[in-house]
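Per Swiss-Prot, these features apply:
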BINDING   Cys87, Cys92, Cys95, Cys107  [2Fe-2S] cluster binding site
BINDING   Cys179, Cys182, Cys185, Cys246  [4Fe-4S] cluster binding site
BINDING   Cys189, Cys236, Cys242  [3Fe-4S] cluster binding site
BINDING   Trp194  ubiquinone binding site
DOMAIN    36-127  domain '2Fe-2S ferredoxin-type'
DOMAIN    169-199  domain '4Fe-4S ferredoxin-type'
TRANSIT   1-20  transit peptide
Amino acid sequence: MLNVLLRRKAFCLVTKKGMATATTAAATHTPRLKTFKVYRWNPDEPSAKPHLQSYQVDLNDCGPMVLDALLKIKDEQDSTLTFRRSCREGICGSCAMNIGGRNTLACICKIDQNESKQLKIYPLPHMFIVKDLVPDLTNFYQQYKSIQPYLQRSSFPKDGTEVLQSIEDRKKLDGLYECILCACCSTSCPSYWWNQEQYLGPAVLMQAYRWLIDSRDQATKTRKAMLNNSMSLYRCHTIMNCTRTCPKGLNPGLAIAEIKKSLAFA
């Protein structure tokens, strides 16, 4: 008789525990829907104006980054949504876009967990658009090519060894070589918006400075001459949007100031 009573009590405890677990699981899976308003424009429909399209994503079933939400939308709701992405870890710069009013990388931009706040996503500002969130970076890369971003020397070691660099000279490149050319800084700059055909912009100028101070490079005079005109460099008015928005925490504004200083005392 005692064994029967103990078994009944144990069964009741297990049943209550199971019900509590089920209740907790149900609460956990209560949808947490957040609205993402995404810029849409299709070049195949030139008469249609650009617009914001709303999508709802359950934050319980989505990764923590904005790129996770965009991928989920594309995979499950709208396969026509177009954007660039690759590494998903802030290295390649492909997923640069304007999120919540700020240029950044979608793969390292965390989603605000407040479901009541809508999140607006646009392509990088003041650029020609290929489709949806994809900007045309042709001019940006042409400008980068124009500064000749590679080591230039008139002579090399005769024995075929590498061109060595001291630890101190190598440290001068810190904060410059890490640039991933995502264009977040350049497309946040009003001067670049005004004339991106002639003003090189923060990203390209920072790379120009990177080669100007590389102790192994022997084209310093040529590089300075290329920049010493009224448009390529001096359209920078130290607005500093570039430094504030850089997703890698770099300081293009400082690099531009250093170029100006080097030209002033050349």
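Each Cβ is built from the backbone N, Cα and C atoms, and glycine gets one as well.
Fair warning: this is a prediction, and the values are worked out from it, not measured in the lab.
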Of these binding-site residues, Cys87, Cys95, which scores lowest on Cβ atoms within 10 Å? Cys87
Including all protein chains displayed, how many Cβ atoms other than that of Cys242 ([3Fe-4S] cluster binding site) lie within 10 Å of its Cβ? 30
By a 10 A CB contact count over all chains shown, which of the binding-site residues listed here is most packed: Cys107, Cys182, Cys185? Cys185
Just to be sure I understand: of Cys182, Cys185, Cys189, Trp194, which binding-site residues have a C-alpha no more than 10 angstroms from the C-alpha of Cys95 ([2Fe-2S] cluster binding site)? Cys182
Per the 10 Å Cα distance test against Cys87 ([2Fe-2S] cluster binding site), the binding-site residues Cys182, Cys185, Trp194, Cys236 reduce to none
Cβ neighbours within the same chain of Cys246 ([4Fe-4S] cluster binding site) - under 8 Å, at least six residues apart: Cys184, Cys185, Pro252
Cβ within 8 angstroms of the Cβ centroid of Cys189, Cys236, Cys242: which residues besides those meet this for the [3Fe-4S] cluster site? Cys185, Ser186, Ser188, Ser191, Tyr192, Gly201, Pro202, Leu205, Ile239, Met240, Asn241, Pro252, Gly253, Ile256
List the Cα distance (Å, whole number) between Cys107 ([2Fe-2S] cluster binding site) and Cys242 ([3Fe-4S] cluster binding site). 19
Cα-nearest neighbour of Trp194 (ubiquinone binding site) within the listed binding-site residues, Cys92, Cys179, Cys182, Cys236, Cys242: Cys236
Between C-alpha atoms, which of these binding-site residues comes nearest to Cys179 ([4Fe-4S] cluster binding site): Cys92, Cys189, Cys236, Cys242? Cys92
Same-chain shell around [2Fe-2S] cluster excluding Cys87, Cys92, Cys95, Cys107, C-beta within 8 angstroms of the CB centroid, reads Leu67, Arg85, Ser86, Arg88, Glu89, Gly90, Ile91, Gly93, Ser94, Leu105, Ala106
